[in-house]
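Below is one structure, written out as structure tokens, with a few remarks after it.
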Amino acid sequence: MNSKVFAVLLLLALLTCILSEKYCPTPRNTSCKKMNIKNNCCRDSDCTSNAFCCAEPCGNFCHKASDKPGGRRVDPNASCQTGYVYW
């Protein structure tokens, strides 16, 4: 009996973790018409208030987490520098 209760509680805990996952919001623009981009962040730790560092067409920006997938978080291991990046 105890193992069944444990299994149910474990399943509920896993579902809660999966359903509470947060994402970067979908970017407003799909392309960038500028000749330069500006990275306001390169990793989540560059953002305040538990925001995510999200990749967008015109650079990386901090955004509040979204419940729906659609955006892309910046890879913290990728080569990145904050500020303007010229093509």
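Cβ from N, Cα, C; glycine included.
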CYS32: disulphide-bonded cysteine as recorded in Swiss-Prot, out of CYS53, CYS54, CYS58:
CYS58
CYS24, CYS54, CYS62: which one closes the disulfide with CYS47 in Swiss-Prot?
CYS62
Tell me which of CYS17, CYS24 Swiss-Prot records as disulfide-bonded to CYS54.
CYS24
With reference to Swiss-Prot, specify which of the listed residues CYS17, CYS80 is paired with CYS42 by a disulfide.
CYS80
Please report how many Å separate the Cα atom of CYS47 (disulfide bond) from that of CYS32 (disulfide bond), as a whole number.
22
Out of CYS53, CYS80, which of these disulfide-bonded residues shows the lowest number of other CB atoms within 10 Å of its CB?
CYS80
In whole Å, note down how far the CA of CYS53 (disulfide bond) lies from the CA of CYS24 (disulfide bond).
8
Return the count of C-beta atoms lying within 10 angstroms of the C-beta of CYS32 (disulfide bond), excluding that atom itself.
14
